[in-house]
Amino acid sequence: MAPTGSTTTAPGDLLVELSGITKSYGPVKSLRGVDLTLRRGEVLGLVGDNGAGKSTLMKVLAGAVQHDDGEIRVHGRPVRFSTPSEAQAEKIGIVYQDLALCDTLDVASNLFLGREPKRGPFIDRKAMHEQAARILADLHVKVTSTHQEIGTLSGGQRQTVAIARAVSFAPDVLILDEPTAALAVAEVESVLRLIGEVAAQGVGVILITHRLQDLFRVCDRITVMYEGQSVDDAAIADLDIEKLVGLITRTPQPTRTEGSRA
Amino acid sequence: MSTTQTPPEAPAGPSVQRLARQRSLWERTNKATLVMAGVTLAVFVFFALADSAFLTFANLSNLATQVGPVLIVGVAMTFVITAGQIDLSVGSIVAFVAAISAQLLVSGWDSSLVMVAALLMGLGWGLVNGWFTAYQGIPAFIVTLATLSVVRGLALFQTEGFSVPIASTTFVAKLGTARWLGFSATAWIALAVVVLGLVLLHATRFGQYVIGIGAAAESVRRAGVNVKLVTMAALGFSGLAAGLAGLLIAARLGSGSANSAQGFELTVIAAVVLGGTSLLGGRGTIVGTLIGALLTQIIANGLTLLSVSPYLTPIITGAVLVLVVWVNLRGRDLAWFVQRLTRRP
């Protein structure tokens, strides 16, 4: 149980409520009672040490993994996803760390993979590229052309294309798993700016990251997980990096601040 | 670069039109294919100068007929290889369909039924390959290596190794000798298959997913595409194409033999790879396959005209294959280098 959880807000604002989510893989209890809430237009940082259960929890919410116990409410309605497409139908989008792009297809083809606009039996490439360009321009994604092959893009560009793809499904909830890992500094900036743009459109964003400094750039609130449980939920304004490290490692006061700056 | 009249204070977002603008022809061209087209042209010119019989209409028409089966199966093989798979069984399927179709004709089946049966036999074997590969997760290399052995074996068993003659009065036999505008039915059908392949690969979702699967099957699967079905369809297509080629070869030769099309799969794969389709998957070109098929057959045809020992033909063809793929790889680097030099700041 989260000690500071269950803040009361207007139901319309609340996009997602997870309560008491559990998941076991055989004898391993990956999730042992997680609570989490997400509001419209909010960027929620989901943090915790390796193995805390962040990714598993997000897979549950995205329908890729089925939980054992607990309740998921989306827009106040209880739901249970058995496939990713069911989660997608509830307007929950996720960008996994591996991005799920095809290197030899161009940007537009990747944005519309699996739902290419058609004219008769054929792909309507003109419409596809125009729509892709509009999506990218709206989000200020920096690529030079929708005809560019994904394999020729930088890591940051690939990340932004993957996010743009997820956004183009018009999700209410967007889950980003380590979007800034292994990116150059300037590219981190563009990804963070994009996250801000997405949230500004009213999407609730859940950001999983190990880069704590990113959280202070874009997040409104942080949920901390520890050994399969949600242990803290705090507004970012009430935190600094030392306090946050303390929450993640469950040590009372700042101890490993130096290491966390990397 | 044209300067659009955006206010200077506007965010640096690129304009929709500029983003969606089609790239130049040079940028879109597969450089490996371009190099190969040059090589093919050079070889063509060489033979035209070396032997006066080469550049005659009769020989070029003959060449088109020879290219036909390689091209038909090569187009389908382009899909298989682009999807990151391989089909080693096409030669055996050609022989199987040729032999069994001839037997069916001998046993009194009507030509129309035999033609349908030939296509269905090819498709059937292709789907067997596809099912084991896509739904049972056995690598296509293994599956088609097994069917390579089994399918030809069945044909040999059934015909006891004898060539089965086709009566010249049957429609199938007439198809083998039919000509239109000086070119054989095989050549025209091959051309139609090329057009079909171009459209399928570049203008349909099927082609898009074949490319995507070759690049990252998991990404395509997560996009909600039935990856297994697409993979099976690609291998089904190559089986179907092999069936068609088998029928046409039997029709042209006037007999079906379980011993025909030995090493055919290697010729086809060579043609596809020469054309610039990546053996690693994710990149395929039908135009390239057309060029690759032409190159392999021009070499074979030209060497025959020059009365070179027939035993030299496979040696020269193999050497050219290595040479050309080598040039091909360097060609890609070269194109990249030229692009770097000519790119405006």
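Numbers run from 1 along the shown chain.
Placed from the backbone N, Cα and C atoms, the Cβ positions cover glycine too.
According to TrEMBL, the feature transmembrane segment maps to B:32-57, B:63-81, B:88-106, B:112-132, B:139-158, B:178-201, B:229-251, B:263-280, B:287-305, B:311-329.
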Please work out which recorded stretch in B:178-201, B:229-251, B:263-280, B:287-305 has the most C-beta pairs separated by under 8 angstroms from the transmembrane segment (B:112-132)? B:229-251
Pairs of Cβ atoms less than 8 Å apart decide it: which stretch in B:63-81, B:229-251, B:263-280, B:287-305 has the most with the transmembrane segment (B:178-201)? B:63-81
Give me the stretch from B:32-57, B:139-158, B:229-251, B:287-305 with the greatest number of Cβ pairs under 8 Å to the transmembrane segment (B:63-81). B:229-251
Who are the chain neighbours of the transmembrane segment (B:229-251) in space, where the CB to CB distance is under 8 Å and they lie at least 6 residues beyond its ends? 68-69, 72-73, 75-77, 79-80, 83, 85, 87, 89-91, 93-99, 101-102, 114-115, 118-131, 133-135, 140, 144, 166, 172-173, 175-176, 185-186, 189, 193, 206, 209-210, 213, 217, 220, 260-261
